[in-house]
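Below is one structure, written out as structure tokens, with a few remarks after it.
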Amino acid sequence: MKLCVTFLLILVILPSVTGEKSSKRTLSGAALRGDWGMCSGIGQGCGQDSNCCGDMCCYGQICAMTFAACGP
């Protein structure tokens with residue numbers, strides 16, 4: 001348990017010691033903005049198949065239900 005806590009502390013402190021700047025696109029930032037894990041429903045906008053919920057596909061930038069698998 002102590003080893004785990006020590007490892008996590010090192011991961012948190014190491015970037016500040018090396019002078020590495022943090023990214024604005026972090027997991028906590030995504031959670032605060034509310035866009036973490038969101039998907040588009042039927043008729044909603046999308047950019048690719050992975051933006052649509054479930055087995056829906058992105059056709060013409062709109063999520064739609066299909067009988068066949070999503071295309072390439």
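Every residue, even glycine, has its Cβ placed from backbone N, Cα and C.
Per Swiss-Prot, the residue from C52, C53, C70 that shares a disulphide bond with C63 is C52. For C39, the cysteine that Swiss-Prot lists as its disulphide partner among C53, C57 is C53. All chains included, 24 other C-beta atoms sit within 10 angstroms of the C-beta of C52 (disulfide bond). Around the Cβ of C46 (disulfide bond), the same chain contributes S40, C52, C58, Q61, I62, C63, each under 8 angstroms and 6 or more positions distant in sequence. The candidate set comprises the disulfide-bonded residues C53, C57, C58. Of these, C58 has the most other Cβ atoms within 10 Å. Residue environment of C39 (disulfide bond) contains 13 other Cβ atoms, counted within 10 Å of its Cβ in all protein chains. For the pair C57 (disulfide bond) and C39 (disulfide bond), the Cα-Cα distance reads 12 Å.
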